Amino acid sequence: MKVVLLVCLVWMMAMMELVSCECWSQADCSDGHCCAGSSFSENCRPYGGDGEQCEPRNKYEVYSTGCPCEENLMCSVINRCQSA
C-alpha cells in the first residue's frame with residue numbers, strides 16, 4: 001500500500017510540474033525559453049546550446065520539436081545549433 005501511495009505522489013508531482021510549464025505563446029515563457037511542442041502539449045523549453053537540436057527562428061514564433069538557438073549560434077540544415 002505504501003508503494004502505491006508513493007507512486008501516486010510522484011505521479012502527481014510530475015503532472016504539476018508539466019502543467020506549470022505549459023504555454024500558449026512565446027509571451028508565456030521566461031527569457032531564454034520558447035514555447036514549443038504539439039498543440040496539445042506545448043511547454044516552455046530552453047533555447048538550444050551548441051550542438052543541441054533546434055528549429056530555425058520564424059516570424060510566427062511557432063516551434064514543434066525544439067527552440068531556436070541561443071544568441072550567437074545558428075540552426076544548421078541538420079537542425080543542430082552551431083557557431084554563426
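FYI, residue positions are counted from 1 along the chain as it appears here.
Note that Cβ sites are derived from N, Cα and C of the backbone, with glycine treated the same way.
Per Swiss-Prot, the features are:
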SIGNAL    1-21  signal peptide
DISULFID  CYS23-CYS35  disulfide bond
DISULFID  CYS29-CYS44  disulfide bond
DISULFID  CYS34-CYS67  disulfide bond
DISULFID  CYS54-CYS75  disulfide bond
DISULFID  CYS69-CYS81  disulfide bond
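Non-local contacts of CYS54 (disulfide bond) by the CB criterion (under 8 A, 6+ apart in sequence, same chain) comprise GLY48, GLY66, CYS67, PRO68, CYS69, LEU73, CYS75, ASN79, ARG80, CYS81. Rounded to a whole number, the C-alpha distance linking CYS35 (disulfide bond) with CYS44 (disulfide bond) is 5 angstrom. Across the fold, the C-alpha of CYS44 (disulfide bond) and the C-alpha of CYS23 (disulfide bond) stand 6 Å from each other. When the alpha carbons of CYS29 (disulfide bond) and CYS23 (disulfide bond) are compared, the span between them is 7 angstrom.
Long-range neighbours of CYS23 (disulfide bond) (same chain, six or more residues apart, CB within less than 8 Å of its CB): CYS29, CYS35, GLU42, ASN43, CYS44. For the disulfide-bonded residues listed here (CYS44, CYS81), the lowest count of other CB atoms within 10 A around the CB belongs to CYS44. Its Cβ taken as reference, CYS69 (disulfide bond) is surrounded by 25 other Cβ atoms within 10 Å in the chains shown. With all protein chains in the displayed structure included, the most crowded Cβ environment within 10 Å among the disulfide-bonded residues CYS35, CYS67, CYS75 is that of CYS67.
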